[in-house]
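S.K.: So TrEMBL lists these for the protein:
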| type | residues | note |
| --- | --- | --- |
| DOMAIN | 19-82 | domain 'Large ribosomal subunit protein bL12 C-terminal' |
| TRANSMEM | 218-240 | transmembrane segment |
| TRANSMEM | 286-306 | transmembrane segment |
| TRANSMEM | 384-406 | transmembrane segment |
| TRANSMEM | 418-438 | transmembrane segment |
| TRANSMEM | 450-474 | transmembrane segment |
| DOMAIN | 479-577 | domain 'TMC' |
| TRANSMEM | 486-514 | transmembrane segment |
| TRANSMEM | 526-546 | transmembrane segment |
| TRANSMEM | 552-573 | transmembrane segment |
| TRANSMEM | 594-618 | transmembrane segment |
| TRANSMEM | 648-675 | transmembrane segment |
| REGION | 706-727 | region 'Disordered' |
Amino acid sequence: KKEEEDEDISARPASQSVFKVRLIKFDDTKKVPVIKQVKDVVENINLVQAKKLVESIPQVLRDNLSKADAETMKAKIEAAGGMEAEITETARHAQNLQNFVDQQHRKLLEDRPKKASAIYRATAEALSNEFDGDISKVIDYIQVKLDWSLSHRRLLLHEVQRDASDNQDKLDNIANFVFDPTINIKRNRRFGTFIPTISSVERLYGTGVCAIFHLQTAFFLVNLLTMVIWIALIIIPYNILKPSATSSNVTFSFSSIFTTKGYLSQSILFQGTYPRGIINEKYNLSLIYFVTTYIYFFIWFVFITIRFSTTYKRKVFNSILHTKLGIGFRGTFARYDYTIRSSNQKQKHTEALQRQFLDLIENDETIDRVLLKKFETPQYKFKIVITNLFYILLAIGLGGINWIILSSCNNPTIDCNGSIIYLLLINRLIPYVIVLLTQIEKYKYLSYKLNVIGFRCVFLNICTILSFTIHFFTNTPSCYETAYGQYIYMLLLADMFASLIFPIVFGSIIDLILNKTNRNFDGINLHVQLSPPVLLYSQLLIWFGIYFSPLLSIMVLLNIIFSFISHRLYIYIHSRRSDSYRRVFIWNGDHLEYLIYLLACLILILSVTCFVVFTTVVKPSENCGPFRQLSAAYQVIEFFLNEHQTSVLWISIINFITSPGFIYFLVATFIVIAYKLRHEALAEKQLVFIRDSNLANKKKLRENAVKKLNPQQKKKNTREEKTRTIPRTSAANEDIIDIERI
């Protein structure tokens, strides 16, 4: 009986092997009970089982069945035959589909073909045809039944989902490329208006690329806040309270945008155009102008210091907690390539990995010592000092050249076009040269290269702008407030067009030149390394010129928008390339944000220092600006104090600031903050200790695992050599068994 059941089970299709067909043995002396039992079984079993059962019933029992029972049996047998044919056809289709999918997967594994998108496209079309366009079944097949690697399945899912989207979705995605430049890679995402979620960009290009857009968004919002303050406190009161006699009859012309003459020179864009007289009787414009500038810098100081402290803390914690604990172990043992089905290839692959692991363990400490000694030698330190000294002298020399150009002009005004063109080219083109030259240098860590480029480029910008500023105020022209504002306006206007064009042009050029020769540097890396100085250069112009041209914040807002769009457009173009899925050199976004806020803090201190010098040392013009006929702008504070020294409100404010309760509150707040920072520092030290302990444990675990793996592999190789000497009699059966196991 057991042999008959085994034979029957082996004859069925694999998909029907779970059914157990009940075979009824006949006995001539017990025909009636057996026939009744057959009829009950026929009514209660499925079609395939009915056919198997009828075939197993002897002819003597079939003759004793009634006509109705025979017809029922015949119908079930015919249906069972149709079902069996359908099952056979389905199995054949499934086998063909599996062979096609395996063939496509082998193509993807062969040296990362350049036409990978065509392979994904063909596979997606085949799956869609197989499941009659049912996207849910296709996705379920890819996620559950497809034996591909996770990355290949993800890209195939994206290709399938791309086919499922309608034309309206495609139009929306094209219109929203600003918010998601990799829309053709990652579909069906929710976009943020002000802070867009760009996880797909981070996954493809690293956190450093995301940090560029986050920084641009943050600077845009703060500049927008300061512009609102200027409009609310200066622009609106001026337009409401100004006398009608101050209205200008000059008409607007398009050329005034590029020359700042005519209508633009007499507008409220520049400080020198603000009148004094009737408006001060109704609204103390001079005092509000002075205080508003301090409020502007106060907002920026709060923003920069808070973001600097938070990025510093995040950088420290990420360096401790996100040091990829255990990644070395998982990368060593958990990434075995199961797609290699040939035993010889698998053995060679395993032996190669073992040799690499053993070499890695034996040479880890030696390599670390060699690398550390390389960056600690006196020759290396001397080379770094000489190189940085060269860039410092270069920045000072370029600033001196600008001084010479300005000296050749009669007055350092907007008519000195040579200086404007020179500053534009130096401040926007030389940073690209600095980045390319820095790639030749070797640094201990990747973040060091980022820091060096940022400091070199920003120091260059500071030297050139300071050379212009110092020369301007040592040779002050008449109504210099308007002249200085116009000069900064022209630099910002040129920088705005450069921000729109340069990222796409230079990124594409670098990709074309270096993409095939150097895989560690391309347009993405160029933008990441240049983002701190480029963003801070336009902000440097604003911080220097906001006192003389308050509405320049509109220019920097446009500048950030253009830079935002151009960088997103470049990412979008880069993602459409055939090799866009290749991960570029990963940059750390924490280091980038920390660097830019550190440089911003230094530049902001320099800008405030210049502002204090402007308001205390430099005498205002006699006939221009709200501070005319004053020896210094800060005198408006003295006049205000003299007028309100007997005011009850002013005396109350002074008493509150000097009261013991307020002082005790400040002291208590300082103690709480110091206590909190102390415990955070202790926690950071503890985390460092835990991190080091975990790394040491992981290293020991890896060493022990490799030591255990090596003798086991030797034993396995010995057994395989012995089995090769034994002749195989049934190779075909073994192949069938291997296929069934797979």
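Cβ from N, Cα, C; glycine included.
Keep in mind that what you see is a predicted model, and the values were worked out from it rather than measured.
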S.K.: Grab the same-chain neighbours of the transmembrane segment (552-573) for me: Cβ-Cβ under 8 Å, and only residues 6 or more beyond its ends, written as numbers and ranges.
M.R.: 177-179, 181-183, 201, 205, 209, 212-213, 216-217, 219-220, 223-224, 226-227, 230, 269, 485, 488-489, 492-493, 495-497, 499-504, 507-508, 523-524, 527, 534-535, 538-539, 541-542, 545-546
S.K.: Do the transmembrane segment (450-474) and the transmembrane segment (286-306) share at least 3 Cβ pairs under 8 Å, sequence separation 6 or more?
M.R.: no
S.K.: Are the transmembrane segment (286-306) and the transmembrane segment (418-438) close, by which I mean at least 3 Cβ pairs under 8 Å that are 6+ residues apart in sequence?
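M.R.: Touching, no - the transmembrane segment (286-306) and the transmembrane segment (418-438) miss the threshold of 3 or more Cβ pairs under 8 Å.
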S.K.: Quick one: mean pLDDT on the domain 'TMC' (479-577)?
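M.R.: Averaged over the domain 'TMC' (479-577), the predicted model reaches a pLDDT of 85.
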